[in-house]
Amino acid sequence: MKAIPWFVLVSYICLASLHYGLAEGAIHYYDFVHKEHATVNDSFPGPEIHVQKGDTVFVNVHNQGKYGVTIHWHGVKQPRNPWSDGPENVTQCPIPAGTNFTQEINFSSEEGTLWWHAHSDWSRATVHGAIIIYPENGTTYPYTEPHEEETIVLASWYKADVMEVITDALTTGADPNVSDAFTINGEPGDLYDCSNETTYRLAVEYGKTYLLRVINAILNEETFFGIAEHNLTLVGTDGAYVRPATVDYIVIAPGQTMDVLVTANQAPSYYYIAGSPFADSIAPFDNTTTTAIFEYKGNYTPPSTIPFPVLPLYNDSDAAATFTNKIRALNSAEHPVNVPKNITRQIYMTVSTNTLPCPNNSCSGNSNGDRLSASLNNISFDTPSISILQAYYWNLSKDVYTTDFPEKPPTFFDFTGNVDNITLYTNPGTKVIMLDFNETVEIVFQGTNLSAAENHPMHLHGFSFYLVGKNKGNFDNATDPLKYNLIDPPEVNTIGLPKNGWAAIRFYADNPGVWFMHCHLERHASWGMDTVLIVKNGGTEATSIRPHPLPICLLVPSPRCDATPQSFI
């Protein structure tokens, strides 16, 4: 790596061909046109990407909106290619209005359902869509092939510009407004006056089995989801297969995807599909329910009252745990489990909501005039005005980030007990975790009872990882690892950290690059519940970050930053 001079940015130029090497699978091309009304290709949800395992996709993103935007390919590992991963000012600069940029998406072991979304402030509320990854030629699903497939995208709806919602909240330090509705495939449903004529309908034939690819694109609420009088069979999550589990409902967190089978085996009629929030916190949340209709084809008299699914109460954490405890990896010869057994790097990480002081106590986060914040190990991530990946690649780290992220809590206390005497204040900083190539890593996320405790969906870019254990209370390093599931833990990219509990994940650090890790509740990510993992290069070209695309992308600061624009030449 070598240092390079900095110059004031006068334009954004990124005309590079991103062909680094020959792709093993097929190559696909898409054009995404991001409009001022914050949709892609005039659709909500946005266009679907369809590939087979191992394919490569090039997406030319045309930004015709009024904000800079980046796109993240959620759950796609992007081997050695963090350049197109997407989080703003972590791995790339935002694409300015009036320009375009081509991103390369490299699929490897993923199979099932993933999704893409904007990764710039809250623009992912309406800028998102599905990624469907079919098995390779000559292989098939590890379950009876469904007659048909359908994508179900759960999302948030605001009667406001969501970018203004979060900008106002960050300016005042207060909690952002909750959404006005949830949607299923772009429609809130019959329980909202605005869409009872356009409720989404899934037409089915009696006796057929349907694969529903369910994506939670909601900004700030986890979701209970079910279909009245029909069982669901979970067969996949986060782009990997799981042991089939038949359930009455699923619990799906923002960022997660779940593949479920449903058989149309009830009397032909209408049945409600519904999604309602799971929110076990004192924090504000959208306590409304979105619906669609599971509608049988054929001649019959529609019911006067449509049956409604029985879903748990919004704060029923036991019901959520009952479902998540059923999720096990398939662990077959074709889809084996390779969970690390000998850990070389162990990180213990508290996950908290906090406060930061404001000048003259001028903010509205609490009665003390503080601003609301969030942290990992009491560090509230301060997003830089230029890309961490660029800074790392060009050895400019001292100007952008430091490598001293604490790998254990700076202070130990009863994390999930009485915290009345524990300060809510955290420390801002742009601190990262450095990992050697191919280290075997265990991260134990520890929820705390600070401020407004709740369930946190934690997401890691660049990897799938194994969820080897979770429980309520404080993690016990002596006894809890003895209860780990090292036989068939699910391989995922997003996990629900239980309220006032812990969750342990394991993975091999075999993907060199700069990778974002954050809570997928957007208000928490905006407050700093984030960090970055930098995996160093191995000793060969095949174990190193792919070369920077040329000509080099000039960097643009985030619209919320007031730093002088810079570029790397």
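Our numbering is plain: 1 for the first residue shown, then up by one each step along the chain.
A Cβ is built for glycine as well, from the same backbone N, Cα and C atoms used for every other residue.
Taken together, the residues of the domain 'Plastocyanin-like' (31-137) have an average pLDDT of 95. What TrEMBL records for 31-137 (among others) is domain 'Plastocyanin-like'.
Annotation source TrEMBL lists domain 'Plastocyanin-like' at 149-299 (among others).
If you look up TrEMBL, you'll see 405-537 (among others) marked as domain 'Plastocyanin-like'.
Under the heading signal peptide, TrEMBL lists 1-23.
With helix defined as DSSP H, G or I and strand as E or B, the domain 'Plastocyanin-like' (405-537) counts 10 helix, 57 strand, 66 coil. Secondary structure by DSSP for the domain 'Plastocyanin-like' (31-137): 6 helix, 48 strand, 53 coil.
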